[in-house]
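Annotation comment: TrEMBL describes A:Gly69, A:Ala70, A:Ser71, A:Asp75, A:Val101, A:Gly179, A:Asp184 as ATP binding site. Per TrEMBL, the feature domain 'tRNA(Ile)-lysidine/2-thiocytidine synthase N-terminal' maps to A:66-230. Among the features that TrEMBL reports, domain 'Cytoplasmic tRNA 2-thiolation protein 1 C-terminal' is placed at A:302-332. As annotated by TrEMBL, region 'Disordered' applies to A:340-371.
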Amino acid sequence: METIQALEKVKRTTARVCSLCNQRKAALKRPKTLEQICIECFYNVFEDEIHRVIIENNLFKPGERVAIGASGGKDSTVLAYVLSELNRRHNYGLDLFLLSVDEGITGYRDDSLETVKRNELQYGLPLKIVSYKELYGWTMDEIVKAIGLKNNCTFCGVFRRQALDRGAALIQADKIVTGHNADDIAETVLLNILRGDIARLSRCTDITTGENGPIPRCKPFKYAYEKEIEVKTKSLTLSTYAYFKKLDYFSTECIYSPNAYRGFAREFIKDLERIRPSAILDIIRSGENFRISTTTRMPEQGTCQRCGYISSQKLCKACVLLDGLNRGLPKLGIGRKKECTRENSNNQEQIKRNPENKGPSLHSKHGNIEF
Amino acid sequence: MRLTLEFGGGLELLLKESVKLHQVDVTQKSGEDKVTMRDLLSWVKGNLIKERPEMFIKGDSVRPGVLVLINDCDWELCGNLDAELEEKDMIVFISTLHGG
Ligand SMILES: [Zn+2]
Ligand SMILES: [Zn+2]
Ligand SMILES: [Zn+2]
(Lines of atoms letter the chains of each structure in order from A and count residues from 1; the text may use other names and numbers.)
(Lines give C-alpha, C1' and ligand atoms only; values in the text may rest on other atoms or scores of the structure.)
(Ligands and ions follow the chains in the order given, each with its own letter.)
Protein backbone atom coordinates (compact mmCIF):
# COMPACT_ATOMS: atom_id res chain seq x y z
CA MET A 1 0.00 0.00 0.00
CA GLU A 2 2.74 2.35 1.00
CA THR A 3 4.63 1.73 -2.22
CA ILE A 4 1.58 2.27 -4.35
CA GLN A 5 0.98 5.53 -2.56
CA ALA A 6 4.57 6.53 -3.00
CA LEU A 7 4.37 5.69 -6.68
CA GLU A 8 1.25 7.73 -7.12
CA LYS A 9 2.92 10.62 -5.40
CA VAL A 10 5.85 10.36 -7.71
CA LYS A 11 3.52 10.21 -10.68
CA ARG A 12 1.73 13.31 -9.58
CA THR A 13 4.72 15.49 -8.99
CA THR A 14 6.93 14.28 -11.79
CA ALA A 15 5.07 15.30 -14.82
CA ARG A 16 8.50 15.98 -16.22
CA VAL A 17 12.10 15.05 -15.84
CA CYS A 18 14.82 17.60 -15.33
CA SER A 19 15.53 19.46 -18.56
CA LEU A 20 19.23 19.68 -17.77
CA CYS A 21 20.21 16.16 -16.79
CA ASN A 22 17.22 14.37 -18.30
CA GLN A 23 17.42 11.91 -15.44
CA ARG A 24 16.06 13.04 -12.14
CA LYS A 25 12.60 14.41 -11.62
CA ALA A 26 12.09 18.11 -11.98
CA ALA A 27 11.30 19.85 -8.73
CA LEU A 28 11.96 23.51 -9.36
CA LYS A 29 11.78 26.13 -12.03
CA ARG A 30 15.05 27.62 -13.07
CA PRO A 31 14.72 31.26 -12.09
CA LYS A 32 15.81 32.81 -15.36
CA THR A 33 14.71 30.40 -18.03
CA LEU A 34 11.82 28.79 -16.17
CA GLU A 35 13.08 25.40 -17.32
CA GLN A 36 12.06 22.66 -14.95
CA ILE A 37 15.07 21.24 -13.21
CA CYS A 38 15.94 18.84 -10.43
CA ILE A 39 17.42 19.85 -7.10
CA GLU A 40 20.92 18.59 -7.89
CA CYS A 41 21.01 20.60 -11.09
CA PHE A 42 19.64 23.61 -9.22
CA TYR A 43 22.61 23.42 -6.85
CA ASN A 44 25.02 23.17 -9.75
CA VAL A 45 23.48 26.02 -11.71
CA PHE A 46 23.44 28.28 -8.66
CA GLU A 47 26.95 27.50 -7.48
CA ASP A 48 28.40 27.78 -10.99
CA GLU A 49 26.74 31.13 -11.48
CA ILE A 50 28.21 32.53 -8.29
CA HIS A 51 31.59 31.13 -9.25
CA ARG A 52 31.45 32.81 -12.64
CA VAL A 53 30.36 36.11 -11.10
CA ILE A 54 33.38 35.93 -8.83
CA ILE A 55 35.78 35.09 -11.65
CA GLU A 56 34.44 37.42 -14.34
CA ASN A 57 34.34 40.36 -11.98
CA ASN A 58 37.69 39.61 -10.34
CA LEU A 59 36.11 39.87 -6.94
CA PHE A 60 39.02 38.29 -5.10
CA LYS A 61 42.75 37.76 -5.23
CA PRO A 62 44.52 34.69 -3.84
CA GLY A 63 45.67 35.14 -0.28
CA GLU A 64 43.12 37.77 0.62
CA ARG A 65 41.55 37.84 4.03
CA VAL A 66 37.84 38.04 3.39
CA ALA A 67 35.32 38.85 6.08
CA ILE A 68 31.84 37.50 5.45
CA GLY A 69 29.34 39.83 7.08
CA ALA A 70 27.30 37.27 8.97
CA SER A 71 24.02 38.17 10.58
CA GLY A 72 22.73 34.65 10.97
CA GLY A 73 20.04 35.40 8.40
CA LYS A 74 19.35 33.48 5.22
CA ASP A 75 21.41 35.51 2.75
CA SER A 76 24.63 35.70 4.70
CA THR A 77 24.30 32.05 5.72
CA VAL A 78 24.00 30.93 2.10
CA LEU A 79 26.89 33.20 1.21
CA ALA A 80 29.11 31.73 3.91
CA TYR A 81 28.25 28.19 2.86
CA VAL A 82 28.66 28.73 -0.88
CA LEU A 83 31.79 30.81 -0.60
CA SER A 84 33.54 28.26 1.59
CA GLU A 85 32.52 25.51 -0.85
CA LEU A 86 33.74 27.42 -3.88
CA ASN A 87 36.94 28.46 -2.15
CA ARG A 88 37.71 24.80 -1.60
CA ARG A 89 36.47 23.53 -4.93
CA HIS A 90 38.17 26.13 -7.12
CA ASN A 91 41.18 26.93 -4.96
CA TYR A 92 40.54 30.64 -4.61
CA GLY A 93 43.13 30.66 -1.88
CA LEU A 94 41.03 32.91 0.32
CA ASP A 95 41.33 33.21 4.03
CA LEU A 96 37.63 33.33 4.89
CA PHE A 97 36.02 34.14 8.18
CA LEU A 98 32.68 35.15 9.58
CA LEU A 99 32.29 38.62 11.01
CA SER A 100 29.32 39.47 13.20
CA VAL A 101 28.42 42.56 15.10
CA ASP A 102 27.03 42.46 18.59
CA GLU A 103 25.30 45.72 19.36
CA GLY A 104 25.08 44.94 23.03
CA ILE A 105 21.34 44.97 23.36
CA THR A 106 20.19 42.54 25.98
CA GLY A 107 17.95 39.87 24.54
CA TYR A 108 18.07 41.28 21.07
CA ARG A 109 20.82 39.70 19.04
CA ASP A 110 21.29 36.60 21.12
CA ASP A 111 19.43 34.16 18.90
CA SER A 112 21.01 35.26 15.66
CA LEU A 113 24.47 35.24 17.22
CA GLU A 114 23.83 31.68 18.39
CA THR A 115 23.06 30.79 14.78
CA VAL A 116 26.30 32.33 13.61
CA LYS A 117 28.18 30.38 16.26
CA ARG A 118 26.71 27.15 14.92
CA ASN A 119 27.65 28.21 11.38
CA GLU A 120 31.24 28.59 12.55
CA LEU A 121 31.33 24.88 13.34
CA GLN A 122 29.17 23.76 10.44
CA TYR A 123 31.24 25.45 7.76
CA GLY A 124 34.56 25.42 9.51
CA LEU A 125 34.94 29.16 9.22
CA PRO A 126 36.48 31.08 12.08
CA LEU A 127 34.08 33.56 13.64
CA LYS A 128 34.90 36.99 14.93
CA ILE A 129 32.22 38.84 16.84
CA VAL A 130 32.94 42.51 17.31
CA SER A 131 30.94 44.35 19.88
CA TYR A 132 29.88 47.95 20.02
CA LYS A 133 31.69 48.07 23.33
CA GLU A 134 34.89 47.09 21.55
CA LEU A 135 34.31 49.40 18.58
CA TYR A 136 32.86 52.43 20.26
CA GLY A 137 33.39 51.94 23.95
CA TRP A 138 29.64 51.84 24.54
CA THR A 139 27.04 49.14 24.28
CA MET A 140 23.72 50.08 22.78
CA ASP A 141 22.11 49.49 26.17
CA GLU A 142 24.48 51.99 27.75
CA ILE A 143 23.82 54.51 25.01
CA VAL A 144 20.10 54.20 25.55
CA LYS A 145 20.64 54.72 29.26
CA ALA A 146 22.56 57.89 28.56
CA ILE A 147 20.28 59.41 25.99
CA GLY A 148 16.89 57.85 26.56
CA LEU A 149 14.74 56.03 24.10
CA LYS A 150 13.91 59.03 22.03
CA ASN A 151 17.09 59.62 20.10
CA ASN A 152 18.75 56.24 20.21
CA CYS A 153 17.80 55.49 16.64
CA THR A 154 20.21 58.12 15.39
CA PHE A 155 22.93 56.24 17.20
CA CYS A 156 22.09 52.77 16.11
CA GLY A 157 21.68 53.87 12.51
CA VAL A 158 25.06 55.57 12.38
CA PHE A 159 26.91 53.00 14.44
CA ARG A 160 25.57 50.07 12.51
CA ARG A 161 26.61 51.52 9.20
CA GLN A 162 30.18 51.64 10.37
CA ALA A 163 30.33 48.54 12.51
CA LEU A 164 31.17 46.04 9.79
CA ASP A 165 33.87 48.27 8.34
CA ARG A 166 35.38 48.95 11.72
CA GLY A 167 35.14 45.30 12.68
CA ALA A 168 36.82 44.26 9.45
CA ALA A 169 39.59 46.78 10.02
CA LEU A 170 40.07 45.47 13.53
CA ILE A 171 40.76 42.00 12.23
CA GLN A 172 42.77 43.23 9.26
CA ALA A 173 40.47 42.02 6.54
CA ASP A 174 41.26 42.92 2.94
CA LYS A 175 37.66 42.74 1.86
CA ILE A 176 34.13 42.43 3.15
CA VAL A 177 31.48 40.35 1.41
CA THR A 178 27.81 40.63 2.17
CA GLY A 179 24.81 38.58 1.12
CA HIS A 180 22.72 41.28 -0.53
CA ASN A 181 20.57 39.95 -3.31
CA ALA A 182 18.75 41.34 -6.33
CA ASP A 183 15.57 42.02 -4.38
CA ASP A 184 17.52 44.16 -1.93
CA ILE A 185 19.08 46.20 -4.66
CA ALA A 186 15.78 46.74 -6.47
CA GLU A 187 14.31 48.03 -3.21
CA THR A 188 17.27 50.29 -2.71
CA VAL A 189 17.01 51.70 -6.23
CA LEU A 190 13.37 52.47 -5.62
CA LEU A 191 14.00 54.00 -2.20
CA ASN A 192 16.82 56.16 -3.51
CA ILE A 193 14.60 57.43 -6.31
CA LEU A 194 11.79 58.19 -3.87
CA ARG A 195 14.19 60.04 -1.63
CA GLY A 196 15.87 61.82 -4.50
CA ASP A 197 19.21 60.54 -3.27
CA ILE A 198 21.16 60.77 -6.49
CA ALA A 199 24.59 60.11 -5.06
CA ARG A 200 23.50 56.84 -3.57
CA LEU A 201 21.41 55.87 -6.56
CA SER A 202 24.45 56.01 -8.77
CA ARG A 203 26.41 53.70 -6.49
CA CYS A 204 23.85 51.23 -5.30
CA THR A 205 23.94 48.98 -8.34
CA ASP A 206 27.69 48.39 -8.16
CA ILE A 207 28.84 44.95 -7.18
CA THR A 208 31.84 46.34 -5.37
CA THR A 209 31.78 49.59 -3.46
CA GLY A 210 34.31 51.50 -1.44
CA GLU A 211 37.22 50.53 -3.63
CA ASN A 212 38.88 53.80 -2.74
CA GLY A 213 38.19 53.32 0.92
CA PRO A 214 40.24 51.18 3.24
CA ILE A 215 38.18 47.99 2.86
CA PRO A 216 36.18 47.34 -0.29
CA ARG A 217 32.87 45.57 0.02
CA CYS A 218 31.41 43.22 -2.48
CA LYS A 219 28.10 41.54 -2.93
CA PRO A 220 28.39 38.40 -5.01
CA PHE A 221 24.62 37.82 -5.03
CA LYS A 222 23.72 41.32 -5.74
CA TYR A 223 24.43 42.07 -9.28
CA ALA A 224 27.04 41.33 -11.85
CA TYR A 225 27.75 40.69 -15.45
CA GLU A 226 29.15 37.50 -16.68
CA LYS A 227 30.03 37.47 -20.36
CA GLU A 228 27.39 40.10 -21.08
CA ILE A 229 24.81 38.03 -19.31
CA GLU A 230 23.44 39.51 -16.17
CA VAL A 231 23.56 37.42 -13.06
CA LYS A 232 21.40 38.52 -10.21
CA THR A 233 20.48 36.29 -7.41
CA LYS A 234 17.03 36.71 -6.04
CA SER A 235 15.81 36.18 -2.56
CA LEU A 236 13.63 33.27 -3.65
CA THR A 237 16.63 31.41 -5.03
CA LEU A 238 18.54 31.89 -1.79
CA SER A 239 15.61 30.65 0.29
CA THR A 240 15.22 27.63 -1.93
CA TYR A 241 18.90 26.83 -1.72
CA ALA A 242 18.95 27.27 2.05
CA TYR A 243 15.90 25.05 2.44
CA PHE A 244 17.14 22.13 0.37
CA LYS A 245 20.67 22.32 1.74
CA LYS A 246 19.14 22.40 5.21
CA LEU A 247 21.25 25.41 6.10
CA ASP A 248 20.86 26.65 9.61
CA TYR A 249 19.68 30.23 9.55
CA PHE A 250 17.73 32.54 11.73
CA SER A 251 14.59 34.15 10.40
CA THR A 252 14.75 37.43 12.09
CA GLU A 253 12.38 40.27 11.72
CA CYS A 254 10.45 39.32 8.80
CA ILE A 255 7.04 39.76 9.65
CA TYR A 256 6.89 42.81 11.83
CA SER A 257 9.22 44.65 9.55
CA PRO A 258 9.77 47.69 11.65
CA ASN A 259 10.93 49.86 8.83
CA ALA A 260 7.72 50.79 7.16
CA TYR A 261 9.34 52.61 4.30
CA ARG A 262 11.50 49.76 3.07
CA GLY A 263 8.74 47.31 3.88
CA PHE A 264 6.44 49.23 1.61
CA ALA A 265 8.96 49.20 -1.23
CA ARG A 266 9.46 45.48 -0.80
CA GLU A 267 5.75 44.74 -0.85
CA PHE A 268 5.26 46.98 -3.86
CA ILE A 269 8.04 45.28 -5.81
CA LYS A 270 6.71 41.84 -4.97
CA ASP A 271 3.28 42.84 -6.26
CA LEU A 272 4.83 44.24 -9.41
CA GLU A 273 6.74 41.05 -9.90
CA ARG A 274 3.56 39.02 -9.73
CA ILE A 275 2.17 41.00 -12.67
CA ARG A 276 5.45 41.32 -14.48
CA PRO A 277 8.04 38.69 -13.59
CA SER A 278 10.96 40.75 -14.86
CA ALA A 279 10.12 43.69 -12.57
CA ILE A 280 13.04 43.26 -10.17
CA LEU A 281 15.65 43.07 -12.89
CA ASP A 282 13.99 45.95 -14.76
CA ILE A 283 14.17 48.18 -11.71
CA ILE A 284 17.82 47.38 -11.20
CA ARG A 285 18.54 48.12 -14.82
CA SER A 286 16.73 51.43 -14.66
CA GLY A 287 18.77 52.33 -11.59
CA GLU A 288 21.90 51.45 -13.43
CA ASN A 289 20.97 53.47 -16.48
CA PHE A 290 20.17 56.55 -14.50
CA ARG A 291 22.47 59.26 -15.77
CA ILE A 292 23.39 62.12 -13.55
CA SER A 293 23.91 65.45 -15.20
CA THR A 294 27.57 66.38 -15.09
CA THR A 295 26.72 69.77 -13.65
CA THR A 296 25.15 68.22 -10.56
CA ARG A 297 27.36 68.82 -7.56
CA MET A 298 27.98 65.63 -5.73
CA PRO A 299 29.08 65.55 -2.10
CA GLU A 300 32.81 65.25 -1.85
CA GLN A 301 34.18 62.24 -0.13
CA GLY A 302 37.01 62.44 2.29
CA THR A 303 37.90 60.57 5.41
CA CYS A 304 37.27 61.24 9.06
CA GLN A 305 40.26 62.89 10.70
CA ARG A 306 39.84 60.84 13.81
CA CYS A 307 38.97 57.34 12.69
CA GLY A 308 39.67 57.31 8.95
CA TYR A 309 36.16 56.28 8.02
CA ILE A 310 34.73 57.71 4.82
CA SER A 311 33.14 61.04 5.55
CA SER A 312 32.27 64.23 3.74
CA GLN A 313 32.95 66.18 6.95
CA LYS A 314 36.06 66.57 9.08
CA LEU A 315 34.66 64.12 11.57
CA CYS A 316 32.37 61.29 10.64
CA LYS A 317 28.96 61.11 12.16
CA ALA A 318 29.91 58.31 14.53
CA CYS A 319 32.85 60.27 15.92
CA VAL A 320 30.66 63.33 16.45
CA LEU A 321 28.10 61.25 18.31
CA LEU A 322 30.79 59.52 20.36
CA ASP A 323 32.24 62.88 21.24
CA GLY A 324 28.90 63.94 22.62
CA LEU A 325 28.48 60.73 24.58
CA ASN A 326 31.94 60.83 26.05
CA ARG A 327 31.60 64.47 27.07
CA GLY A 328 28.24 63.85 28.63
CA LEU A 329 26.47 65.86 25.94
CA PRO A 330 24.75 63.06 24.11
CA LYS A 331 22.47 65.35 22.13
CA LEU A 332 25.49 66.65 20.25
CA GLY A 333 25.33 65.70 16.62
CA ILE A 334 21.70 64.74 16.60
CA GLY A 335 20.62 67.28 14.11
CA ARG A 336 18.05 65.54 12.09
CA LYS A 337 15.07 64.01 13.64
CA LYS A 338 14.29 62.08 10.54
CA GLU A 339 17.35 59.89 10.77
CA CYS A 340 15.33 56.75 11.19
CA THR A 341 13.41 57.05 8.00
CA ARG A 342 16.52 58.02 6.11
CA GLU A 343 18.10 54.75 6.88
CA ASN A 344 20.68 54.94 4.15
CA SER A 345 22.04 58.34 4.89
CA ASN A 346 25.72 57.80 4.95
CA ASN A 347 28.44 57.92 2.44
CA GLN A 348 28.96 54.30 1.92
CA GLU A 349 26.15 52.50 0.25
CA GLN A 350 24.82 49.81 2.45
CA ILE A 351 21.55 48.10 2.53
CA LYS A 352 19.85 47.55 5.73
CA ARG A 353 17.82 44.70 6.90
CA ASN A 354 15.11 45.06 9.44
CA PRO A 355 15.69 42.02 11.42
CA GLU A 356 14.45 41.48 14.90
CA ASN A 357 10.87 41.96 15.69
CA LYS A 358 11.01 40.41 19.05
CA GLY A 359 13.51 42.92 20.24
CA PRO A 360 12.94 45.31 23.06
CA SER A 361 10.89 48.40 22.55
CA LEU A 362 13.84 50.47 21.58
CA HIS A 363 13.81 48.64 18.30
CA SER A 364 10.16 48.56 17.68
CA LYS A 365 10.42 51.68 15.59
CA HIS A 366 13.30 50.88 13.38
CA GLY A 367 15.88 48.29 14.25
CA ASN A 368 17.97 47.84 11.16
CA ILE A 369 20.79 45.48 10.95
CA GLU A 370 23.39 46.50 8.65
CA PHE A 371 24.45 43.52 6.63
CA MET B 1 -6.32 13.91 5.83
CA ARG B 2 -3.05 13.84 7.70
CA LEU B 3 -0.50 16.32 6.42
CA THR B 4 2.82 17.64 7.57
CA LEU B 5 3.22 21.37 7.28
CA GLU B 6 6.44 23.26 7.66
CA PHE B 7 6.63 27.02 8.08
CA GLY B 8 9.88 28.92 7.71
CA GLY B 9 11.53 32.22 6.99
CA GLY B 10 9.60 33.83 9.83
CA LEU B 11 6.12 32.63 8.88
CA GLU B 12 6.16 30.42 11.94
CA LEU B 13 5.99 33.55 14.05
CA LEU B 14 2.46 34.21 12.80
CA LEU B 15 1.10 30.94 14.12
CA LYS B 16 -0.70 30.20 17.35
CA GLU B 17 2.01 27.71 18.10
CA SER B 18 5.20 29.30 16.92
CA VAL B 19 7.05 26.18 15.79
CA LYS B 20 8.14 25.17 12.32
CA LEU B 21 6.66 21.68 12.02
CA HIS B 22 2.96 20.96 12.33
CA GLN B 23 1.26 17.58 12.00
CA VAL B 24 -2.28 18.39 11.10
CA ASP B 25 -5.49 16.67 10.23
CA VAL B 26 -7.33 18.58 7.55
CA THR B 27 -10.94 17.67 7.04
CA GLN B 28 -12.43 17.69 3.59
CA LYS B 29 -15.19 20.12 2.90
CA SER B 30 -18.53 18.38 3.10
CA GLY B 31 -19.43 16.88 -0.24
CA GLU B 32 -15.85 17.03 -1.46
CA ASP B 33 -13.65 14.00 -1.62
CA LYS B 34 -10.41 15.81 -2.16
CA VAL B 35 -8.32 18.49 -0.52
CA THR B 36 -6.65 21.02 -2.76
CA MET B 37 -4.02 23.60 -1.92
CA ARG B 38 -6.80 26.17 -2.05
CA ASP B 39 -8.63 24.28 0.70
CA LEU B 40 -5.45 23.90 2.71
CA LEU B 41 -4.66 27.62 2.60
CA SER B 42 -8.06 28.56 3.94
CA TRP B 43 -7.76 25.83 6.57
CA VAL B 44 -4.37 27.17 7.67
CA LYS B 45 -5.75 30.68 7.80
CA GLY B 46 -8.70 29.54 9.91
CA ASN B 47 -6.92 27.13 12.21
CA LEU B 48 -3.22 27.86 12.60
CA ILE B 49 -2.68 31.54 12.10
CA LYS B 50 -2.83 33.73 15.12
CA GLU B 51 -2.03 37.15 13.73
CA ARG B 52 -1.49 39.12 10.59
CA PRO B 53 -2.89 36.65 8.05
CA GLU B 54 -2.04 39.17 5.33
CA MET B 55 1.63 38.34 5.82
CA PHE B 56 0.83 34.84 4.63
CA ILE B 57 -2.26 35.06 2.42
CA LYS B 58 -3.03 37.61 -0.21
CA GLY B 59 -6.31 37.29 -2.07
CA ASP B 60 -6.98 33.57 -2.31
CA SER B 61 -3.34 32.58 -2.63
CA VAL B 62 -0.13 33.03 -0.69
CA ARG B 63 1.48 36.41 -0.48
CA PRO B 64 4.01 37.03 -3.24
CA GLY B 65 7.43 36.01 -2.01
CA VAL B 66 6.24 32.95 -0.13
CA LEU B 67 7.86 29.78 -1.44
CA VAL B 68 5.51 26.77 -1.48
CA LEU B 69 6.74 23.21 -1.90
CA ILE B 70 4.63 20.07 -2.05
CA ASN B 71 6.75 17.04 -1.24
CA ASP B 72 9.82 19.12 -1.99
CA CYS B 73 8.52 20.16 -5.39
CA ASP B 74 7.66 23.74 -6.30
CA TRP B 75 3.88 23.95 -6.18
CA GLU B 76 3.88 25.79 -9.48
CA LEU B 77 4.87 22.50 -11.07
CA CYS B 78 2.03 20.72 -9.31
CA GLY B 79 -0.89 22.95 -10.21
CA ASN B 80 -0.67 25.77 -7.64
CA LEU B 81 -4.00 26.29 -5.89
CA ASP B 82 -5.57 23.38 -7.74
CA ALA B 83 -2.91 20.87 -6.70
CA GLU B 84 -4.65 17.96 -5.03
CA LEU B 85 -3.17 16.79 -1.78
CA GLU B 86 -2.83 13.27 -0.56
CA GLU B 87 -2.49 11.54 2.75
CA LYS B 88 0.92 12.18 4.37
CA ASP B 89 1.91 14.91 1.96
CA MET B 90 4.47 17.38 3.19
CA ILE B 91 3.83 21.03 2.40
CA VAL B 92 6.42 23.70 3.06
CA PHE B 93 5.79 27.44 3.26
CA ILE B 94 8.79 29.74 3.47
CA SER B 95 8.79 33.48 3.48
CA THR B 96 11.62 34.56 1.22
CA LEU B 97 11.23 38.24 1.85
CA HIS B 98 13.93 38.64 4.43
CA GLY B 99 17.52 37.75 4.51
CA GLY B 100 20.33 39.42 6.33
ZN1 LIG C 1 18.86 17.57 -13.27
ZN1 LIG D 1 16.97 52.12 16.66
ZN1 LIG E 1 35.27 59.07 12.58
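Glycine residues also receive a Cβ, built from the backbone N, Cα and C atoms like all the rest.
Please treat TrEMBL annotations as automatic predictions, because they have not gone through curation.
Location within the structure of each feature annotated in TrEMBL.
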residue  : record           : DSSP (3 states)
A:Gly69  : ATP binding site : strand
A:Asp75  : ATP binding site : helix
A:Val101 : ATP binding site : strand
A:Gly179 : ATP binding site : coil
A:Asp184 : ATP binding site : helix
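For the domain 'Cytoplasmic tRNA 2-thiolation protein 1 C-terminal' (A:302-332), the number of residues in each DSSP class (helix H, G, I; strand E, B; coil) is 10 helix, 4 strand, 17 coil.
Listed binding-site residues: A:Gly69, A:Ala70, A:Val101. Those with a CB under 8 Å from a CB in chain B: none.
Fewest Cβ neighbours within 10 Å among the binding-site residues A:Asp75, A:Asp184: that distinction goes to A:Asp184. Here the binding-site residues are A:Ala70, A:Val101, and the one with the most other Cβ atoms within 10 Å of its Cβ is A:Ala70. A:Gly69 (ATP binding site) has a Cβ environment of 29 other Cβ atoms inside 10 Å. All protein chains included, A:Ser71 (ATP binding site) registers 29 other Cβ atoms within 10 Å of its own Cβ.
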